[in-house]
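**Q** Swiss-Prot lists these features:
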| type | residues | note |
| --- | --- | --- |
| TRANSMEM | 9-29 | transmembrane segment |
| CARBOHYD | 35 | N-linked glycosylation site |
| TRANSMEM | 48-68 | transmembrane segment |
| MOTIF | 85-90 | motif 'HXXXXD motif' |
| MOD_RES | 183 | N6-acetyllysine |
| TRANSMEM | 309-329 | transmembrane segment |
| TRANSMEM | 336-356 | transmembrane segment |
């Protein structure tokens, strides 16, 4: 049964992303055609203000407890984040970790392309220059090249989240993963899926070539009690009681240099995840970490609490104010309608705002294709 908590959570997030896209991100879009550096600097910070909202709601309103062990992030460092894909919404729960240990404004996510069409959420993700993929390497490789080369060219300090497993852990997906393991003489997994390493190795190599990689962060996520597998579970009010993250930081210069060794390195991390998660779920449901973190959290819990409270207050007032302005003033209503039409049409015609941003960079810097010099 749908719960009021779930409805409140989804509607609040939708309203924030919808009105935020139109009234906060919409006015800065022309800056894309004038100064891309300023556009990216401003848009990243505006989007990050919304990313604090689900963190605030989950922890402050619904009592979700977050436990983080292991390493943190060097402030401002550029990294690739690899994580097991336990549920379809792990990418959102990760914000609870990054809000404490890193900066939300530098995160980029590889997501399935259908999400960019979702009103509000998808529009903001396009402005944030998330990387949308079709999960077919022959279709995704060129887009990966363009986006990563663009980030390297503008010296964007990104932290790129990749799910090497490619999909979330369900019984059907686990059966397919184990069939693959049996055919290839590999270990069968219970708590993770076998990773697909092609995209991971490509991204790491490309970022290293562009001198835009400081580390790889290997994050293991676990849910000791209830596991909200899909967005539907959130709508039903099935929020996780606890989310545990274990972070391991690997400096870029410690990674293997060859593609084959990097693939093997990734597979070893997943073998470790399987054992770590087995100990977690069959034991005390904690990640046992006896060593010391090499990097401490960059924010205190008091600072995080203040940000969460301010986020809820700001977005509640902002959404209410925008509704009032739309009701009272016809110019605002016209702007509202025109903006919606623009966001819908630009995606259908051009493929998304991140594609337009790439085209602007090519035009302003006279680069017909960002990857033309590196293509095989």
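Backbone N, Cα and C atoms are what each Cβ position is placed from, and that goes for glycine too.
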**Q** Can you name the far-off residues of the same chain, 6+ from the ends of the motif 'HXXXXD motif' (85-90), with a Cβ under 8 Å from a Cβ of it?
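**A** Same-chain contacts beyond the flanks: 163, 165-169, 193, 221-223, 227-231, 234.
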**Q** Given the recorded positions 35, 183, which one is most crowded in terms of C-beta atoms within 10 angstroms?
**A** 35
**Q** Could you break down the residues of the motif 'HXXXXD motif' (85-90) into DSSP helix, strand and coil, giving a count for each?
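**A** The breakdown for the motif 'HXXXXD motif' (85-90) reads 1 helix, 0 strand, 5 coil.
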**Q** Please compute the mean pLDDT of the model over the motif 'HXXXXD motif' (85-90).
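**A** A mean pLDDT of 96 is what the model gives the motif 'HXXXXD motif' (85-90).
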**Q** Please report the DSSP secondary structure of the residue listed as 'N6-acetyllysine', reduced to three states.
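**A** Going by the DSSP assignment, the residue listed as 'N6-acetyllysine' falls within a helical segment, counted as helix.
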